[in-house]
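A.B. asks: Encoded as structure tokens, here's the structure I'll be asking about.
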Amino acid sequence: MSIAEKIKVLIVDDQVTSRLLLSDALTQLGFKQITSAGDGEQGMKIMTEQPHHLVISDFNMPKMDGIGFLQAVRTNPNTKKAAFIILTAQGDRALVQRAAQLGANNVLAKPFTIEKMKAAIEAVFGALK
């Protein structure tokens, strides 16, 4: 069993199409345990019920944005060790710095390639195969 097959991934994005595209990309990389949520509140509920190893979250979402969700994950003792990647359409340096300060493992600009996503994940977990 590859590392990718063992990692539980949570995708959090308010756009259904984005969640589906990202899920397809992760499946191509060998991930099998993929869950998704439509916003940070729903994502946090999933994380507290069943922690995941990797969270990939959009930045701009209703109810709880990616930064708020990151803060919630990092302050919960049961979820704080999860790797966290934020996706953003905004090329905002302040966002990248804030995300890093709060413990994000990476911030990827949209649109991104599957190779960039793979590199961001491998930076945390090592080679996926």
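The backbone N, Cα and C atoms fix where each Cβ goes, and this holds for glycine too.
Sequence annotations record features per position, and here Swiss-Prot assigns domain 'Response regulatory' to 8-125 based on sequence analysis. What Swiss-Prot records for ASP13, ASP14, ASP58, ASN60 is Mg(2+) binding site, and it gives similarity to another entry as the kind of evidence. For ASP58, the entry in Swiss-Prot reads 4-aspartylphosphate.
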A.B. asks: Under DSSP, is ASP58 (Mg(2+) binding site) part of a helix or a strand, or is it coil?
C.D. replies: strand
A.B. asks: Same chain only, sequence gap of 6 or more: which residues have a CB within under 8 Å of the CB of ASP58 (Mg(2+) binding site)?
C.D. replies: VAL12, ASP13, ASP14, GLN15, SER18, GLY66, ILE86, LEU87, THR88
A.B. asks: Per DSSP, what is the residue tally for the domain 'Response regulatory' (8-125) in helix, strand and coil?
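C.D. replies: In the domain 'Response regulatory' (8-125), the DSSP-based counts are 54 helix, 25 strand, 39 coil.
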A.B. asks: Can you check which residues sit near ASN60 (Mg(2+) binding site), meaning Cβ under 8 Å from its Cβ, same chain, 6 or more apart in sequence, and list them in order?
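C.D. replies: GLY66, THR88, ALA89, GLN90 - these are the non-local Cβ neighbours of ASN60 (Mg(2+) binding site), listed in sequence order.
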A.B. asks: Using an 8 Å cut-off from the Cβ centroid of ASP13, ASP14, ASP58, ASN60, can you name the remaining same-chain residues around the Mg(2+) site, in sequence order?
C.D. replies: VAL12, GLN15, SER18, ASP39, SER57, PHE59, MET61, GLY66, LEU87
